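What follows is a short report on a single structure.
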Amino acid sequence: RIMRPDDANIAGNVHGGTILKMIEEAGAIISTRHCNSQAGEPSVAALARVERTDFLSPMCIGEVANVSAEITYTSRHSVEVQVNVMSENILTGAKKVTNKATLWYVPLSLKNVNKVLEVPPIQYARKEQEDEGKKRYEEQKLDRLETKQRNGDVILPVINPEPHTVGYSQSSLIHLVGPSDCTLLGFVHGGVTMKLMDEVAGIVAARHCKTNIVTASVDAINFHEKIKKGCVITVSGRMTFTSNKSMEIEVFVDADPFVDEPRERYRAVSAFFTYVSLSKEGKPLAVPQLLTETEDEKRRFEEGKGRYLQTKAKRQAQMQQAAQ
């Protein structure tokens, strides 16, 4: 579809959350189709995880986004979907790849939202494809478990924070989940949640830099628990790390059951977003150094630095491999 002004920021760059929402919609369509391709209990595919996705090139107002999806692996209860996003300038015909993402879905019964159904297997062209997919499945399963175990943090307000500190830019958004946000089973679309997360992360980045900012990448987004219609969700974001030209922002979503639910607040989603600062000409700008004050902030900064260096080393290795 064509990108409209309400899909973009004031500089005309399409929001990362808009693209993430389109990616998730494509993944949900193909996964639900596949999970209902054989006779059996009807189901809807629910998003469980989004692997790291890089925003390779900015998309602008007036360009056409083309999102394509392919199922690349199935386990007994999950589906791996690879999604590519391409932008097209309809005035010049120029096309470019803007995103590549890997998503994992689980099929939930239409009759019972808490029942996970079995996934029809796919046919692989080569045995190696199945082995590689199984390896990716085991890795994401382990990472999801580790992420859930460290999800106890909350963001508290800071009185009169200093500029460029964590407390100065941290932000929260409160949203009542309505019918238009939800699937046929009455829980939130993963794309809706990701769009809200990107909005909060963008506010944090803009507060820290006071410049135009764009989403550069999103680390794994883990969907720990479903969010039902009628919940009040709080989407919170805080700066964890800055390099010379990038910012890492931790974002998590907490859900408060609001209607007919005695349950207490719970952590539903968590992720790390990376942003870059741009000049009016679209050139990268230096990012103000994050000032850490508490021991927890210093620890999170070092953890973010480790993720940054790991990603940088991986990117350099890929470039060297491509050059050979």
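Backbone N, Cα and C atoms are what each Cβ position is placed from, and that goes for glycine too.
In TrEMBL this protein carries:
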type: ACT_SITE; residues: N9; note: active site
type: ACT_SITE; residues: D198; note: active site
type: COMPBIAS; residues: 296-306; note: compositional bias 'Basic and acidic residues'
type: DOMAIN; residues: 1-111; note: domain 'HotDog ACOT-type'
type: DOMAIN; residues: 167-281; note: domain 'HotDog ACOT-type'
type: REGION; residues: 296-324; note: region 'Disordered'
Alpha-carbon distance [N9 (active site); D198 (active site)] in Å: 12
Least surrounded among the active-site residues, given as N9, D198, when other CB atoms within 10 Å are counted: N9
Confidence summary for the domain 'HotDog ACOT-type' (1-111), mean pLDDT rounded: 95
